[in-house]
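Enquirer: Residues annotated as transmembrane segment in TrEMBL: 21-40, 98-116, 128-146, 158-177, 184-202.
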Amino acid sequence: MDILETSAHDRRQRRNTTCVLFLYLLPFFASCTIYFYLWIPDSAPSLLAAGIKAAPILCLVLLVLSYNGGWGLVGVAGGLLLSAGGDCCLIWPELFIHGLGCFALAHLLYSISFLSSRYSATSSSASYFILYLILWLFGIGMYAYLVPFLRLEPEADLLVPAIGGYILLIVIMATLAARTRRPLILLGSLVFMASDLTIALTKFNVFDVEYKKHIIMTTYYLAQLMIALGDVKAVLEEDADDIHKWKRS
C-alpha cells in the first residue's frame, strides 16, 4: 500500500509540476508572439527592437533561475543571459563580432553546465561515438566551406579566426549535450547549430534563403526553449532523487 500511495503521490507531483511550468512559460510565449507580430525590420535597429528580440530569452533566464537559483548564472541561465546580450548586439550590424563573442561565451557556459554532476552520463555507446564524429566532421567541413567566403569580407583577418573559434565552441557544446543523453538538451543543441548555419550561409553570401529571418528566429527560440526546459527537467529529477533517497534512509 505504501508503494501505491507513493506512486500516486509522484503522479500528482508530476501533474502539479507540469502545470506550474506551463504558467512559467506563458511570458516566453507571449513575448515570442509580440516579436513575430511586430516583426521590426533589420533596417530599423533600435533599443526597442533589441529589447523585443531579447525578451523571450530573458523570460527563459527567469524560468531557469526560479528552479536552479543563483547558481544557474554559471550554467544555463548565464548562457541564456549572454545570449540575450548577443541578440541585442546583432540588432546593429557593426556589433556582429560583439554578438558573436556573447554567444561563444554562452556556449562555453552551456558546456560547463553539461559537465556538471546533474548531467552525469553513463559510458557512451557506439552510436553516440558516431554522433560525436558526425558533429566534429560537420563543424570542420562547415568551417572549411565558409573560409573562402569569409576572406572576401572587409574584416576577414578578424572574422576567419573568430568564426573558427565560435564553431569550435558550438561543436563542443553539442558534443557535451549528446553526452548527457537528454533528448531536450541534445535536440536544442542541434537546432541551435541549424539556426547558426542559416545565419552563416546567408550573412556571408554563400546563398540566399527565402524567409531566412523566420527560419533563424524560429529555430533559435525553439533551441533555447529546449535547452532551458532540459535544464529545468534535470533539476527536478535531481530533486526527486534526493527526496526518494531521504525517504529510504
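Cβ atoms here come from the backbone N, Cα and C positions, even for glycine.
TrEMBL labels come from automatic prediction, so no person has curated them.
Fair warning: this is a prediction, and the values are worked out from it, not measured in the lab.
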Enquirer: When you scan the chain for residues with a C-beta under 8 Å from the transmembrane segment (98-116), skipping those not six or more beyond its ends, what do you find?
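Expert: Cβ under 8 Å, 6 or more out: 74-76, 78-80, 82-83, 85-90, 162-163, 165-166, 169-170, 172-173, 176-177, 179-180, 185, 189, 196, 227, 231.
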Enquirer: Using a Cβ cut-off of under 8 Å, list the residues of the same chain at least 6 residues beyond the transmembrane segment (158-177) that approach it.
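Expert: 97, 100-101, 103-104, 107-108, 110-111, 114-115, 132, 135-136, 138-139, 142-143, 146-147, 150-151, 185-186, 188-190, 192-193, 196, 200, 227.
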Enquirer: How about long-range neighbours of the transmembrane segment (21-40): same chain, 6 or more residues beyond its ends, C-beta under 8 Å?
Expert: 46, 48-49, 52-53, 55-56, 59-60, 62-63, 66, 217, 221, 225, 229, 232
